[in-house]
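Straight from TrEMBL, the features:
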type	residues	note
MOD_RES	Lys74	N6-(pyridoxal phosphate)lysine
DOMAIN	93-136	domain 'Rhodanese'
BINDING	Asn100, Gly200, Asn201, Ala202, Gly203, Asn204, Thr328	pyridoxal 5'-phosphate binding site
Amino acid sequence: MISSPVVPVFAVRAWPGLIEAYRPYLPVTPETPVITLHEGNTPLIPVPTIAAEMGRGVQVFVKYDGLNPTGSFKDRGMTLAVTKAKEAGAQAVICASTGNTSAAAAAYARRGGLKAYVIIPDGYVAMGKLAQALLYGAEVIAIQGNFDQALEIVRDLSEMYPVTLVNSVNPYRLEGQKTAAFEVVDALGNAPDWLCIPVGNAGNITAYWMGFCQYHQEGRCDRLPRMMGFQAAGASPLVQGHVVSHPETVATAIRIGNPANWERAIAVQHASQGSFSAVTDAEILRAYQKLASQEGIFCEPASAASVAGLLKCKDQVPEAATVVCVLTGNGLKDPDTAIQQGSDHFHPGVPANLEKIAEIMQLP
Ligand code: F0G
């Protein structure tokens, strides 16, 4: 028996943030000082043109987590990680980041009155993310190295100094992020057949699986999805089966060669009969443009890897399956890539003259 979709009591009131919404499923007590920006409750949006391309009655939705307060799914993990850090008396948090984690860590830390230190790969963080971390008031240290090196350094620093590590090796991050799976089941009334998700450090795929399994145990869904993880071809250690020492991709959010949650990700793949596949930068950018120009959904390039992957594996999707693609971050995070990709439609420096403009518009 599947229980009917949850209609939470707060549905008619303001959304309280995911810790309040899913309190019974999370490691908090009445005394825990909840630090929230009312994250979560993001929409599950049908994408009909992508579904039509799939054919055979396949239904496709995107979980648009770019609508979280700092514009990515990281807020789900960060509300809980920073809450628990605060509860434990921490005064500072630290993370390595390709950008989104740093924005979320900075926002939640400052909200909770903690200091935030973020270490990022110099020159490989999208402009919007850097802007966020700076304005939220984090100390931003851009290193001449990649994310994997930054993660090694912050792991050591957090052992040597009184700063709490809030990368996805912090178990509270995954606990918070699993709520995205709860929301998917709450919206669909069951788990999807497939969950397509971009994979970098492999925290999110692990967290989603935790959420689906927990809801399944509680009888909130009667099936579990196949977990389909997609990596950028130039940064695809889980596909290749070995560390990639110089990862490269236009999708800088997932420019990672040695995922911290490697073993967990492999366990998820086996348990869910899922797979890891690579998508090229060209495929990622095609899906990125398609989502924006055909569906009106602006995500960041890394997020589009989920849709690129689905389109690539189209023939493996069972007939009439329900598929959810996770869109992990907002397109506004990376205006440079958007402007480059959309430049065909840009007409700069046009004289302020009606005839000239009408000519460009090619009006009949
Ligand atoms: N999508 C986006 C937009 C991301 O920012 C990330 C990771 C992922 C997907 C991959 O998620 O690491 O859990 O497999 N960004 C991290 C960061 C690494 O520092 O912001 P994952």
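The backbone N, Cα and C atoms fix where each Cβ goes, and this holds for glycine too.
Note that TrEMBL annotation is computational and uncurated.
The maximal spread of the pyridoxal 5'-phosphate binding site, taken as the longest Cα to Cα distance among Asn100, Gly200, Asn201, Ala202, Gly203, Asn204, Thr328, is 14 Å.
Each residue contributes its Cα atom, and for Asn100 (pyridoxal 5'-phosphate binding site) and Lys74 (N6-(pyridoxal phosphate)lysine) those atoms are 7 Å apart. Counted within 10 Å of its Cβ, the other Cβ atoms near Asn100 (pyridoxal 5'-phosphate binding site) come to 31, all protein chains included.
Spacing of Ala202 (pyridoxal 5'-phosphate binding site) relative to the residue listed as 'N6-(pyridoxal phosphate)lysine' is 13 Å (Cα to Cα, whole number).
Under the three-state DSSP scheme, Thr328 (pyridoxal 5'-phosphate binding site) falls in the coil class.
In this structure, the binding-site residues Asn201, Asn204 were compared by how many other Cβ atoms lie within 10 Å of their Cβ, and the smallest count belongs to Asn201. The binding-site residues listed here are Gly200, Gly203; among them, Gly200 has the most other Cβ atoms within 10 Å of its own Cβ. Close to Lys74 (N6-(pyridoxal phosphate)lysine), meaning Cα to Cα within 10 A, are the following binding-site residues out of Gly200, Asn201, Thr328: Thr328. Taking the domain 'Rhodanese' (93-136) as a whole, pLDDT averages 98 in the prediction.
Cβ atoms within 8 Å of the centroid of the Cβ atoms of Asn100, Gly200, Asn201, Ala202, Gly203, Asn204, Thr328 (the pyridoxal 5'-phosphate site) belong to the same-chain residues Phe73, Ser168, Pro198, Val199, Ile205, Ala253, Ile254, site residues excluded. Reduced to three states, the DSSP call for Gly203 (pyridoxal 5'-phosphate binding site) is helix. Counting only residues at least six positions away in the same chain, the Cβ atoms of Asp65, Gly66, Ser72, Phe73, Asn100, Ile197, Pro198, Asn204, Ala253, Cys299, Glu300, Ala302, Ser303, Ser306 sit under 8 Å from the Cβ of Thr328 (pyridoxal 5'-phosphate binding site). The 10 Å shell around the Cβ of Lys74 (N6-(pyridoxal phosphate)lysine) contains 34 further Cβ atoms across the protein chains shown. In this view, Ala202 (pyridoxal 5'-phosphate binding site) is surrounded by 27 other Cβ atoms within 10 Å of its Cβ, with every protein chain counted.
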